[in-house]
Amino acid sequence: MSSGSEGYPYSQEERVAIAAVTRACTLTSSVFETLVKNETLTKGDKSPVTVGDFAAQAVISAIIHAAFPHDPIVGEEDASDLRVESGRSMKDRIVALANDALTTPLVAGEDPAWNLGPGTTRTDEQILEAIDRGNYGGGNTGRMWTIDPIDGTKGFLRGEQYAVCVSFVVDSQVKVGVIGCPNLPVDPSEPSKGLGAIFSAVRGHGARQLSISNPTQGSIALRIPQISESEDLSFLESVEAAHSSHSFNDRVAALLNVQKPPTRMDSQAKYACLARGQGGAYLRMPTGVGYKEKIWDHAPGEVLVVEAGGIVTDSRGEPLNFGLGRTLGENYGVIAAAKSIHPKILAAVQKVQNDAKAKV
Ligand SMILES: Nc1ncnc2c1ncn2[C@@H]1O[C@H](COP(=O)(O)O)[C@@H](OP(=O)(O)O)[C@H]1O
Ligand SMILES: [Mg+2]
Ligand SMILES: [Mg+2]
Ligand SMILES: [Mg+2]
């Protein structure tokens, strides 16, 4: 299958990623409706989320593999826990969910060659293999994909934000990023328009928001407003204090005289919101526990924000390096913002870091 058959490079990879994310979003929404909401959440039983993660990774991986059989995949999940006897009931559920998602009839934008639709049921082993195909270790040469089947698991469990995230990378540069956000308002200024959106970007070809129910039916181009006054920012940050330092952000906000409180949200929905003009900046500074950021947590978001007119760097001002393996390497944090304001935020972040060092 040739790249760029629709007039721009990697349009075919984008089409595959959008189809995979769309099918996986239907799956994760239904897992939440049928299991998590029905008391499983309040019982503290985390299995439905695990089931949703595994099944969504199986679906995405199967579609990518059918379209591009030689491409390696870096996926968050692996199937080893499902191959032992204690994982059998969970495996049965995952296989059923994944097959449900893969065998629904083809819709616009999908290709019969991707082995989807009625009659394409996979065996248990094929579903486990699809999950395990995400075991690639990454690297800085050649083509590869990343999958985060449910990003923001904690948000998913709370019924808040989460994202289904796929990226396509060539020689460590993210070329395509697709982020599905089933719980995100279609239009933040008009809640009556409902929930659920897909975001897609292709390097050099812009970023757009698509309808989650019909991603081929038109799109909205995304541009980040190029604000210059830091007073107008509202930092996007994780809900979970363990994932990034809230107090560090507070100090940066104080230094920049930011007036609005931070906007807390799980998952790469933060990158998507930034790309459509919400917040103005996403700050994710390490909490100091030695955690290394995973490439699947940032690759789709990076290309989305850059294509919408933003910059994504670490706290040294360096671009994120997607060619080091499954992680981004040593954790210098992430600063994503409009081009116009990024240098100011970076300088403030570095000042807060230096002040903290001077105190030690
Ligand atoms: N100590 C830590 N520091 C930073 N990120 C962490 C972390 N522990 C887990 N994460 C990552 O944070 C992601 C969620 O980010 P956010 O806080 O923006 O919602 C998780 O993705 P998953 O939910 O896919 O596992 C996980 O990869
Ligand atoms: Mg994640
Ligand atoms: Mg995940
Ligand atoms: Mg996880």
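Quick reminder: no glycine exception, Cβ is built from N, Cα and C everywhere.
TrEMBL does not curate its annotations; it predicts them automatically.
Some features that TrEMBL has for this protein:
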- GLU76, ASP148, ILE150, ASP151, ASP297: Mg(2+) binding site (BINDING)
- Message: What is the set of residues, excluding GLU76, ASP148, ILE150, ASP151, ASP297, whose C-beta falls within 8 angstroms of the centroid of the C-beta atoms at the Mg(2+) site?
- Response: ILE147, PRO149, GLY152, THR153, ALA163, CYS165, SER267, GLN268, LYS294, TRP296
- Query: Counting only other Cβ atoms and using a 10 Å cut-off, which of the binding-site residues ASP151, ASP297 scores lowest?
  - Reply: ASP297
- Item | Neighbour count (Cβ, 10 Å) for ASP148 (Mg(2+) binding site) | 32
- Note down the number of other Cβ atoms within 10 Å of the Cβ of GLU76 (Mg(2+) binding site), including every protein chain shown. 20
- Note on the structure: ILE150 (Mg(2+) binding site), Cβ-centred 10 Å count of other Cβ atoms over all protein chains shown, is 28
- Note on the structure: DSSP, reduced to three states, assigns ILE150 (Mg(2+) binding site) to strand
- Message: Tell me the coarse DSSP state (helix, strand, coil) of GLU76 (Mg(2+) binding site).
- Response: coil
- Of GLU76, ASP148, ILE150, ASP151, ASP297, the binding-site residues whose C-beta sits under 6 angstroms from any atom of ligand 3 are GLU76, ASP148, ILE150, ASP151
- Task: Using DSSP reduced to three states, classify ASP297 (Mg(2+) binding site) as helix, strand or coil.
- Result: helix
- Query: Among ASP148, ILE150, ASP151, ASP297, which binding-site residues lie by ligand 2, judged by Cβ under 6 Å to any atom?
  - Reply: ASP148, ASP151, ASP297
